[in-house]
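Student: Here it is: the structure, laid out below.
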Amino acid sequence: MRRVLNRPELGAACGVVAVWLFFAGYAGGSGFLSQAGAATYLEIASELGLLAVAVSMLMIAGEFDLSVGSMIAACGMTISLLCDRLGWSLWAAIAVAAVLSLCVGMVNGLVVTRTKLPSFIVTLGTLFILSGSTIGVTRLVTGRTQVGGLRQALHYGSAEALFASRIGVFSVSILWWMGITVLASWVLLRTRFGNWIFGAGGAPDAARNLGVPVARVKITMFMTTSLSACLIATFQAVKFTGSDVLRGTGKELEAILAAVLGGTLLTGGHGSVLGAALGALIFGMVQQGIVFAGVDSDWYKVFLGVMLIGAVLVNTYVRGRMVEARR
Amino acid sequence: MRSQSIRAVMACLAVVLAMACTKSETPAPASQANAPQTPSAPRKNITLAVITHGQASDTFWSVVKNGVNNAAQDLGVTVTYNAPQTFDMVAMSRLIDAEVAKKPDGLVVSIPDPEALSRSIQAAVDAGIPVISINSGSDVYKQLGVLLHVGQTEYEAGAGGGEKMAATGVKNVLCVNHEVGNASLDLRCKGFLDAIAKAGGTGRVLAVNAADPTDSQQKVAAALTGGVDGILTLGPLSSNAALAALKQGGSLGKVKLGTFDLTPDVLSGIQGGELEFAIDQQQYLQGYLPIVLLTQYKQFGVLPAGGVLPTGPGFVTRETASRVIELSKQGIR
């Protein structure tokens, strides 16, 4: 019992239940409870969840990555341009985008660990560089800001099966989300590298003295967040058969939000990937639940903000109870 | 003590939530009493959904929304209006998915990015929901199974602006795009620049950030130093910024300025001779007409025989501006 209460994701789990109950009661009749309704918010949650899992691990390691938002646009556009302009196979294009994302992640990590500048600033710079070059290059090459026609790309079918198919009404990305959450949870809680992540974020000097390669851990985590952004870009490029230069705008903050909802501390050293996955689920349910509830879109942000603060409060309240129970 | 304060905050949140919810009921009961009664089945059970890509800061879309709301009140039907917070096609497609899961009696969408939205729109069509597209998508609506398009054809509208601009003798133009990523705006700029090129001039596209007027103004101001003598802006957000940039640089009247879409500011600018013309697509009708059409379709199964129902382009110039000003203040033009 005490072990359950000690888990950082308990608050997020309660938040998920609370938000679900709220919309089930308020908008249950208009499709929120239907299979198709669940499919719409699970699809949002799965993509954000993939990103939030990686972002929460990076935050546990004590760093932020704001560049993931424009990384989504950059990778998506790389895939679309290579297929559309050069006639590449979709798989080759995805591979190039993945390598590109890993390189950017490595540069982020190297700059942060070498210069000791705050990662918030460094990755904000990367955010602008990536976003600007995506718009610039795309317009230079195509004269437009959207590139489509991915359906005609070589090997589209097999990529669609892996990234954009549906099981019933549910998107296949939900399976990815579950799989990656389990994998990341295992790495974080059951491996030596997982311990290093907690050490690098919680007490970097102590960790360094114990022989933990703190810089290497952080660089690896930056590369992981970039790669997860590239994965989302792939999902969206394949699913929507093309890319535009603005895709992914704001996702970096949503991912941090999901991680915080899931009990990850902004100061590093503490958190949970399962919590981040649940945080993404809360976000997805709120985002779509508002539509099902028929709330006028003018009020959308008020609603989102109130629900999110409410979820964090539930989270904090549960954690407070947990501390009392331990005494 | 701590848990008490948390409970107090939660109570406040609950009140705010309740207010947000009640505020969202679209047709006011009072207006339903005034709605024309027909001998047919009651219309209040008819639910329609409108999803556009219009950002809340764009006055253009407020007029569309006024059209939607007025039609809903006049007819006594229930309509929900939704748009993503930023120009985000993935978010927009998911709003459509959610509406499809709600199974409305009709769906109105704008199609600024057919590639990204086709999956969701086709899902709506496959689910048997009648769909009408508005504003953008005149070139693709048919392929997606959309019944009808209400709006103007973008390339021709841009080209019309180019011809009118070329007639004033400009040689070096800018097309100011405030919503990078919107295919319709790309088409407008293409039409505009093609028409200018045909008349022997040159030009380029300048991308600005619609949500940040300072950014827009300074980008235009910087571009003006390159000997530009004509500017076309694609909406009121950027036309205001362009006007401010012209004033800032002291080149008001020397550089010809034309724009898409009307606002009180644009109209008074035309009256005062600061703007050459505004291309009007009467977006109020883009909100109003689909609600009427879908209501009739639901009630009686009648619909115009298809095609594009053109709401524009028309030109508002110095001669016609004053008539339009009053209506614009009411949010109708």
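From the backbone N, Cα and C atoms, a Cβ is placed for every residue, glycine too.
TrEMBL does not curate its annotations; it predicts them automatically.
Just so it is clear, the model here is predicted, and its values are computed rather than measured.
Taken from TrEMBL, the feature transmembrane segment applies to A:48-74, A:86-107, A:119-142, A:163-189, A:259-287, A:299-318.
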Student: Which of A:48-74, A:86-107, A:119-142, A:163-189, A:299-318 shares the most C-beta pairs under 8 angstroms with the transmembrane segment (A:259-287)?
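Tutor: That would be A:48-74.
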Student: Top stretch among A:86-107, A:119-142, A:163-189, A:299-318 for CB pairs under 8 A with the transmembrane segment (A:48-74)?
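Tutor: Per the Cβ under 8 Å count, A:119-142.
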Student: What residues elsewhere in the chain lie close to the transmembrane segment (A:119-142), defined as a C-beta under 8 angstroms and at least 6 residues from its ends?
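Tutor: For the transmembrane segment (A:119-142), the nonlocal Cβ contacts are 63-67, 69-71, 73-74, 77, 81, 85, 104, 107-108, 111-112, 222, 245, 249, 252.
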